[in-house]
Ligand SMILES: CC(=O)N[C@H]1[C@@H](OP(=O)(O)OP(=O)(O)OC[C@H]2O[C@@H](n3ccc(=O)[nH]c3=O)[C@H](O)[C@@H]2O)O[C@H](CO)[C@@H](O)[C@@H]1O
Ligand SMILES: C=C(OP(=O)(O)O)C(=O)O
């Protein structure tokens, strides 16, 4: 297994290009199943999760061709000949559940393995299933698989989500595009990835209103056609690299970044003493003089502070002047980076969903282990600011969500390399 070696110290200066969003691409790709005509995605990120979704769609009979070094994905679902999403692929990636709504809407039947829990939490899919039932789907759980049928086709209905779920909103939004009649989704997720999905579906001929708000209305149509769509900028990769100059000092411009993707996050950076300026190319981030200030953070659905930036923000706050309190409200087990940061000299107390971080002058390099995707990159950020060398193992987590991390960070002056097979 590969690891990443980071030698800390030194300011970062220059530009980092931000890729298309993993989490948008992972829902745009299953949208191809809604139409027999081709769907082409541009600005796709080059990540192992995208390869896994490619493998899943191909196992169902879709054609997926990767062009321009993976930045363009040309897909065609003309010949869907298998309606079973197998456990062996689904277990690798939870977003696999997003093929359920589209297959059911298009062909009236689908069998999809239950994804199971993961390191950051139990992550059930009950809300996906209840939402599809509200559209008339008949579901049975058997042998670890969801067996779904809609013999006469799906019918529009009202979906009242008891809590905000990004994935469940995406699944039912896609399904509703081909349902007969009108669907109203209440307490819908408002993430930019939902708006991007709705934009793409509209290009395919869907009738959708209200995306980006808590109530989405979908008027079902008989068929969807082909389209070409650019994947929205990855706001989590953006926020992650904004933290690099924040932690190390210097000034870095994040190409393609926009303030409206990271509003709540920027408010916290501002309170910590980090300046963020919108330029014609993206966002320029610089650390003002001196030590950063402690800030409190509560994770929430968009437009709140994203859970996917909590680990990276914790790495920043480890060297703040004072004590910060981080509350994780989305996932029940998302502080696994804390013990690893403590190995680097951080002072962190975790009690349930709350972590109290007391800033220290300087972190110290250490061997650490990545436990999940965002934890892995938080350890790299901490290593960039630490004295000495940090070796981050289990970097396959990192490959799920960050393309060319070594190239992007060394391009702004970081001392970072990938070590093969350790
Ligand atoms: C591929 C993708 O887009 N992943 C993102 C997506 O995950 P994902 O779509 O899985 O996250 P959700 O928004 O669904 O999860 C939010 C909360 O709802 C709970 N829940 C969810 C569904 C359900 O049927 N029942 C249920 O109880 C979850 O356990 C969690 O506690 O949004 C999360 C929250 O912003 C992000 O951290 C993930 O990076
Ligand atoms: C939790 C994440 O992804 P996933 O939902 O694919 O596990 C993430 O991107 O941080």
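Every residue gets a Cβ built from N, Cα and C, even glycine.
Just so you know, TrEMBL annotations never went through curation; they're auto-generated.
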Matching residue for the UDP-N-acetyl-alpha-D-glucosamine site, where TrEMBL names 94, 123, 124, 125, 126, 127, 308 - out of 80, 292, 330: 330
Residue 94 (UDP-N-acetyl-alpha-D-glucosamine binding site): nearby recorded positions from 22, 23, 118, Cα cut-off 10 Å: 118
Long-range Cβ environment of residue 118 (active site, proton donor), under 8 Å and at least 6 residues apart: 94, 372
DSSP-derived class (H/G/I helix, E/B strand, else coil) of residue 118 (active site, proton donor): strand
Annotated recorded positions 22, 23, 118, filtered by Cβ under 6 Å to ligand 1: 23
Among 94, 127, 308, the binding-site residues whose C-beta sits under 6 Å from ligand 2: 94, 308
Recorded UDP-N-acetyl-alpha-D-glucosamine binding residues, 94, 123, 124, 125, 126, 127, 308, 330 - maximal Cα separation rounded to whole Å: 22
